[in-house]
Structures are given as structure tokens and as C-alpha cells.
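First up is the structure itself, then whatever we jot down about it.
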């Protein structure tokens, strides 16, 4: 339901950044990002119905490894030894955080890894979309302002489309669940998601895709802290109240993810062969 107001906001962004030539040049990668996102979102929300969010979020950090492989295969970006250490720390930290407390069953793990595959394809599609838009609208695509505008245009196209699909599906979902729309919660979710996606797409336009995802994986730290707080407040329907020892181990794993960010930013990747 939150994708409906999010789609309205995205349509406004798209109108402000409209460029038919750039959008036309990027259709193949837009379709890739669009399809992969729907697969990933469906798998993620199915997993969240079975497993706590503070367990799911860290496991999504495995996307770092899949994106590093995809970046190497598609873009020729080489990962340095320091980069492999950062990726190992990120994946290991995710395993530590996800392995404490509630353990996902095989079906939940399958859904999480399907979400990871979908988000990997979506992220690669977003990066390729921005590149194609820049190639269509500028001589070299090196201007920072132009890159940010292309990122916002890509976000506007994708989330306008998601909003239209959500609007078409909403009546059937509400009928099936015999529920009234809760627009207050949907608007709050949409506002948070819009802010997150605006910064994410901007980061994709300026930084390495693997570094962006490592930065994104630090949400594990926040999910652990918030999960611990919710458990202490007695909100057991949202998060289990883990012991102090379990919470400490989870925080240690989350700290490994933060360290991975610094290592990869310091020297985790090398440009494609022949570049520069």
C-alpha cells in the first residue's frame, strides 16, 4: 500500500527531471531493474512474515559478495585483496548477526537468498540505467549535477511504475485480507522509503556499486540496536527480547560490517583493465 503514495511522489520527481531521449535509451536496463525489484520485494516480505527483521536485514548483506561478482563479470571492476577482506568481514558479520537468536528455516533462507539475487539484479540495472541516461544526455557524463539528475530520473521512472502496479493490486489485496486501508502507516513508510531511495540512487551515481552496498549493509547495526530496544520495551510481537550476551554478539557482528565499509573505501576495488 505504501508504494501508492510513493508512486505519486516519484511521478512528481519524474515530471521535474523528464527527458524522453534519456529514458528511451535506458529502457532495457529499466526493465531489468523493474522486474528484479518485484521479485526481490515479494521474497523479502514473504521472509519477513516468517523471520524477525533484525535477523533478515543482516543476512541481506550477503548481497555484497554477489554484487562484487556481478560488477567483475559485467563491468570488469577488479576487487583488491583489501576488498576481499572487506567483503569477507561483511558476509561474516552478517552470518554472526543472523545466527544469534531466531534461526531462519530452509524456506525462509531460500526467500532471503531469492531477495538477494533480485536486489543484485536491480542494483546493476539501476547503475546501467544511470550510465545509459548520461550517455544519451551529455557528451561525457562526468558532471556531478548531471549524474544526480539522472539518478533522480531513474528513481522517478521506476517508482512511478511500482506505484501503478501497487494501485492496480491494492483492491484485491484489501479484499483478500478483509482489511481497511491504514494510510497513516503507509504514508510514514513511504516517506522513510523515499528518503532512503533518494540517497541510494544518488550514491549509485557517485560511488562504486559494491561500496554503496557495503555502506547500506551498516543498517544491520541499526536493526540490531532497534531490535534490542523493541525487545526490552516488551514488544514481543515485533522482536524477541534477546539476552545481553546474544545482543553483544550481534553488535560485534554489526561492528564487523562497519569495519568492512572503511576497508573497502580505503582500497577495495581497482578500475577495469585499460581504464584510466
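Sequential numbering from 1, following the chain as shown.
Placement of Cβ uses the backbone N, Cα and C atoms for every residue, glycine included.
Caution: TrEMBL annotation is automatic and unverified by curators.
The stretch that TrEMBL tags with transmembrane segment, taken from the ranges 25-48, 217-240, is 25-48. Counting only same-chain residues 6+ beyond the ends of the transmembrane segment (25-48), those with a CB under 8 A from a CB of the stretch are 56, 60, 104, 108, 111-112, 114-122, 124-126, 128-129, 132-133, 135-136, 154, 157-158, 161-162, 165. If you look at the transmembrane segment (247-266) against the transmembrane segment (108-130), you find fewer than three C-beta pairs under 8 angstroms, all six or more positions apart, and that falls short of contact.
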